[in-house]
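What follows is a single structure, written as structure tokens, with notes after it.
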Amino acid sequence: MNATAAIGVTGLGVMGRNLARNFARNGHTVAVHNRSVGRTRALVEEFGHEGTFVPAETAEEFVAALERPRRLMIMVQAGEVTDAVIDEFAPLLQPGDMIIDGGNAHFADTRRREAALREKGIHFVGTGVSGGEEGALNGPSIMVGGSSESYDVLGPMFDSISAKVDGESCAAHVGTDGAGHFVKMVHNGIEYADMQLIAEAYDLLRQVAGYTPAEIAEVFQEWNRGRLGSYLIEITAEVLAHTDALTGQAFVDIVTDAAGQKGTGRWTVQTALDLGSPVTAIAQATFARAASGQRELRAAYAGLPGGTTPLLSRTEAARFTSQVEHALYASKVIAYDQGWKMIQDAAAEFGWKIDLGSVARIWRGGCIIRATFLDRIRAAYAADPELVSLLGEMEFAMEITDAQVPWRETVASAARRGIPVPAFSAALSHYDTLRAERLPAALLQGQRDYFGAHTYGRTDRPGAFHTHWAEPGRPETSD
Ligand code: 6PG
């Protein structure tokens, strides 16, 4: 077989197939391979006219079809399957070749695989791809890890297939080894937070303002034209406007209220605990999904007392809607800020040089959390690459200042009525935690010293101190 393919894709499930088609449609010759050859043949039969595909039935044929340095993209299930596919292909490759993993792999696995393949001179490029099947076909957001040397070759190819916003590509080399998959993981964590915040806003509009799903769909359409404009707000309006064909009821009312997850949100929270990054809105969103699925526990709590205030009048409801918009926006800024800070913490921990502005740039299009306000985040980091928090940027700070009364009123109304708003509350508490002049952490330090002699720092002098709690009068000791 002649080595004519610029890239090869193995694993022709929906994502793999669509990415292969996207490469082909953009003028790249694509070798395609799948464990069962049926999918390979089907792809070429159905979509062969879209570009140049080289179907390969065996691993050897597949590798032989690739131009040097070989670029081999694996689109298989994350975990053991990925390891098995790497073990199958790596022995057939040569130094300088590249294996690109476009699945939703855990970044720690990517770091391990990258280190192992580097020993053999093979570049392992962990790549986050966002945008679902539609994005994979028509332009995803692409978060690339691995060596910068491999990106020199792959960058233009990724640029050609990625989403574009204002003529700019939504692909970037975000950092070395597992940085691409790490950034994709945080993208999904933010996605969880954003979706939960939107769901809480819907619940409040329904239960406090008394709006119907169709009316709330209109509110979301309106919000989508403003600063909240985003893919998630847009699809929320569509989901809420949808009527179930079978019953004629609002679709949202016939769906079981137990949210699933494949695990990337959970990984974000688990990793945040290790890094000490307080991504509380993401964590609450992840726990809210878990709680929604706890049928037995929910049954045990059902019927217990909650808030009782009456529904709002139509005029009050309109005012309340504008309050919720402020609360949603402010909480969203906090959730995104938490995600960005987590990326900064990881960059320090793993030695990645991540351009935070470019993360915002490549999330403006193609991915699930694409939103107009990401352009402002991009601009904020462009103006100050060392920005510690988005609230250090004047416009965001002003918006958060304006949101104070409505944000707090929204969370308070939810508490008064007994409506759960874990993500709204977490975002507000995070804001209050970070702005507080003194935190009760000082008391915790006293408690820790009392029962465990864990020592504490003093506000008036350096060092670590211990109070002899059982011996009043004995002076404290210092290290
Ligand atoms: C994307 C999505 C995609 C997906 C996740 C999350 O960026 O295209 O994030 O990766 O939707 O699988 O799904 P769960 O909600 O099932 O975890």
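The backbone N, Cα and C atoms fix where each Cβ goes, and this holds for glycine too.
Nobody curates TrEMBL annotations by hand; they come from automatic prediction.
The following features are taken from TrEMBL:
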ACT_SITE  Lys184  active site, proton acceptor
ACT_SITE  Glu191  active site, proton donor
BINDING   Gly11, Leu12, Gly13, Val14, Met15, Gly16, Asn34, Arg35, Ser36, Val76, Gln77, Ala78, Asn104  NADP(+) binding site
BINDING   Asn104, Ser130, Gly131, Gly132, His187, Asn188, Tyr192, Lys262, Arg289, Arg448, His454  substrate binding site
DOMAIN    180-470  domain '6-phosphogluconate dehydrogenase C-terminal'
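Annotation note: Met15 (NADP(+) binding site) sits in a helical segment as assigned by DSSP. Look at the binding-site residues Asn34, Ser36, Gln77, Asn104 and count other Cβ atoms within 10 Å of each Cβ; Ser36 has the fewest. Among the binding-site residues Gly13, Asn34, Tyr192, His454, no residue has its Cβ under 6 Å from any atom of ligand 1. Across the residues the record lists as binding NADP(+) (Gly11, Leu12, Gly13, Val14, Met15, Gly16, Asn34, Arg35, Ser36, Val76, Gln77, Ala78, Asn104), the two Cα atoms farthest apart are 22 Å from each other. Using a 10 angstroms CA-CA radius around Asn104 (NADP(+) binding site), none of the binding-site residues in His187, Tyr192, Arg289 qualify. Scoring each of the recorded positions (Lys184, His187, Arg289, His454) by how many neighbouring Cβ atoms lie within 10 Å, the top position goes to Lys184. Mapped onto three states, the DSSP output places His454 (substrate binding site) in coil. Neighbour density at the Cβ, taken as the number of other Cβ atoms within 10 Å, is lowest among the recorded positions Gly11, Gly13, Glu191, Tyr192 for Gly13.
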